[in-house]
């Protein structure tokens, strides 16, 4: 009986290890294809679209309707919690639902961490948007790939080769030039933009860690819903101290309320498409895609609002495009180099074993 129980336990552990290895291999295969995967590219386009809707509506609510940034951030979190709960039961083709037996270890700790980072990123970004131009905040955030490289290396041990690292420079430089025509400096806006940049990079890398977990892999809807709940918990005391209640009472009308609700819907779909995309690409690639998205949003604002375009803006766009192509080739080259190194180490190890046996 004891022997049978021991054999069953070993069989169960072996089966579990095989499942973990299969999931890990599947995740690596998806990441190897990256944005060449049709679904990944589709969610990239959706992410760009909903990000544009959210950003321009943010600016309209803050600049034209004179709403409080904390109220806008709170409404976004409330709406994404409601829609996140619905989407856990209606995936809408975004992910494959999985059955759960209880919560994983440190579940609420992880949710509180990501939720706090989500809320901080939203509010800091809105504060920055209140004090400085859209293009200035995007210029500051152009350093995101650099932050992500270091954070990914520390948190998940992701290898970034020399050529990949160097290819990030023209991407960041290009985005800076794209924004050069409308630079405006304000110390409050600048500090808020830097802080939002850092918290967003931390949030993305940590979310990737949870979505790509080995034993317990969170679905995008789960991560969206539970982190939104945690974010609301953080919001309650923050709103008490930060929200200008008198201003909220003075400005709140049917136009503002409907704008806040619509903005919340856009924000939800912006967030969940970003989480879905995260399952297909690495954090650094996600950060590069985010940088390209910012350049796209700057040019979209130029087209929609008729902002003046300078030579530097056009040059910046060309450099960003070139940088992204360079990044793709550099990443492929560095991955090939890493594979050769691993193969060489394995051959050396096999040779040493043969020598010992002789």
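Including glycine, each Cβ sits where the backbone N, Cα and C put it.
Features reported for this protein in TrEMBL:
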TRANSMEM  40-58  transmembrane segment
DOMAIN    42-327  domain 'Sugar phosphate transporter'
TRANSMEM  70-90  transmembrane segment
TRANSMEM  110-132  transmembrane segment
TRANSMEM  144-166  transmembrane segment
TRANSMEM  254-277  transmembrane segment
TRANSMEM  297-327  transmembrane segment
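Residues 172, 197-198, 200-202, 204-206, 208-209, 282-284, 286-288, 290-291, 327, 330-331, 333-335, 337-338 of the same chain, all 6+ positions outside the transmembrane segment (144-166), place their C-beta atoms under 8 angstroms from a C-beta of that stretch.
For the domain 'Sugar phosphate transporter' (42-327), the model's pLDDT averages out at 79. Sequence-distant contacts of the transmembrane segment (70-90) (same chain, six or more residues past either end, CB-CB distance under 8 Å): 58, 61-62, 97, 118-119, 122-123, 126, 219, 221-222, 224-225, 228-229, 231-232, 235, 238-239, 242-244, 248, 260-261, 263-265, 267-269, 271-272.
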